[in-house]
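Novice: This is the structure, below, for whatever I ask next.
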Amino acid sequence: MSSLNYFQLENDLKQTVRMDAPLTKGPAPRWERLGMANASNSSLANVSGSVAGFNSSRSNIPKTPKDKSGKINKSASESKKMSSKKSKSGLTPGNDASKRTAFADRLIPVRTNSQFDVAHHNLMKSQPSAQENEGSDHEGEASEETTAHQRLLDDHLKVSDKERIFSYSVKPAAAPDDHINSLKVVYTQSSLPPSVHKAAGRFIATKPDRILDAPALVDDFYLHPIDWSKSNHVAVALSESVYVWNASTSEIFTLASLDAEESEDITATAVAWVAAGSHLAVGTSNGEVWLYDVAASRRVRRMRGHTSRVPCLSWNEYVISSGSGSGSIHHYDVRVPQFCVASLPEAHSGLEVCGLSWSPDKKYLASGGNDNTVKIWAAGETADGRSVDSDSEPVSIFTHHQAAVKALSWCPWRSYVLASGGGTNDRAIRIWNVDTQSQVSALAWSEEYHELVSAHGHSSNQIIIWKAPSLEKVARLEGHESRILDMALSPDSTTIVTAGADETLRIWKCFAVDEQRKKAKAKKDTQAKGGRSAFQQLMR
């Protein structure tokens, strides 16, 4: 092969493998190539009978190459014929189509479920008919026939706008965890894990930050087994024992073992931290409320009064309110010997009180019961503290729920706004009446973002963050394998802990403080004060 043909072949190869070249027509089908080859052979056979045409177009035919002596170079001529044949047939010499094999790294999906007839129908449906384009006299008749034909195809193919044309039954295998994308230069990768969702201008991790084992956690919808203190301690009731987890140091210690302190079998049904201090109130299955000094790890008070278990507790400064399975509510002042300062014996018509919550301003007490009602009680001044008088009547009674009301939470920035959640037969959060498709077991407010977080039981076992007051869904958090029984908010209002019937406690960082938003808020406050900082305002 001469150097000229060699370079010509090399240039052809470079043009073929160029990735930035415009797309051209692909190779002709095999039957067309065979027909072109036969036509080429027949034209070569009739060349001798076309002398006149040959002479007339001789100036357009390249000359046969010759060497320096003037002799015809046969090798160059044969090479040129070969390249000409190659350009006509589209095949490389010695590389027949029957000898080609599929590449081993190609992924050819199974298209048995692909609906190509639906795709063709949708494409042809949007194109006008040929008779409409030509403006024939029979345009109206053709249009009616086309419309009737399309209707028949619609009925036969059952074409829908949401129907998928391509449907592959085999999904591609997922990449391993240690896989490194070699195309990171072309495709940018996010530094955040795939379990992070961007919502409401911030990132919310949809996976728990930490999972703690909670063996022997009682699977009872009406109980409140966890609470988070202002000093960053989480108390959890696990059957007959009460444990405390220090969220700052991750230390866990046993606070009490109820069956060891008493001869009878007693289980812890509810826990509640006092707002200021290290005291913890524990409700028991025998209708008592025990008060523990967590710093000293000992029990300091034992308050009797209920005839059945105590599933819910709520503090009002030094007064602890407790609800019982018999439908009564007692108020205990832990500072005085005669601790029972007030009582509501028929708060919920003899049915279990499963939810209690004092408002942020301590003026109202909300109670939810198994009678499907929410009652609002006004606090009054008693001789020993602030509680609800025994002869008081509820200020308001809400009867909209269709199931037991356990989840109660007051809005921290609007003390008169209350959120309540119903059980399985209700599955709604009121006052806004949003259907959550599952029973509501706990509610909490985020003052930083003005949002409401709800924990759910049957059948979704999920956590939902809502935007207040529009109640737009911000995020949906999943992880518990069984229903969520209770939820508590951290003292800095950035993290929640949930207790599930799957015997786990899960820590969720739902309301992390956005530094940019914090700086913007501080700047806005400074501008509102006339551009002077707090230090400058103190100076005279």
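Note: Cβ is positioned from N, Cα and C throughout, glycine not excepted.
A quick note: this is a predicted structure, and the numbers were derived from the prediction, not measured.
Residues or ranges marked as compositional bias 'Basic and acidic residues' in TrEMBL: 135-148. For 212-508, the entry in TrEMBL reads domain 'CDC20/Fizzy WD40'. What TrEMBL records for 53-100, 126-148, 519-540 is region 'Disordered'. According to TrEMBL, the feature repeat 'WD' maps to 353-377, 477-509.
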Novice: What is the three-state DSSP composition of the repeat 'WD' (477-509), stated as helix, strand and coil residue counts?
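Specialist: Tallying H, G and I as helix, E and B as strand, the rest coil: 0 helix, 18 strand, 15 coil.
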Novice: So how many of the residues in the repeat 'WD' (353-377) end up helix, strand or coil by DSSP?
Specialist: 0 helix, 16 strand, 9 coil
Novice: Determine which residues of the chain contact the repeat 'WD' (353-377) at the Cβ level, with the cut-off under 8 Å and only residues 6 or more beyond its ends counted.
Specialist: 221-222, 311-317, 321-325, 327-329, 344, 347, 386, 388, 392, 394-399, 401-412, 415-416, 418, 420, 422, 426, 430
Novice: Can you give me the average pLDDT across the domain 'CDC20/Fizzy WD40' (212-508), rounded to a whole number?
Specialist: 91
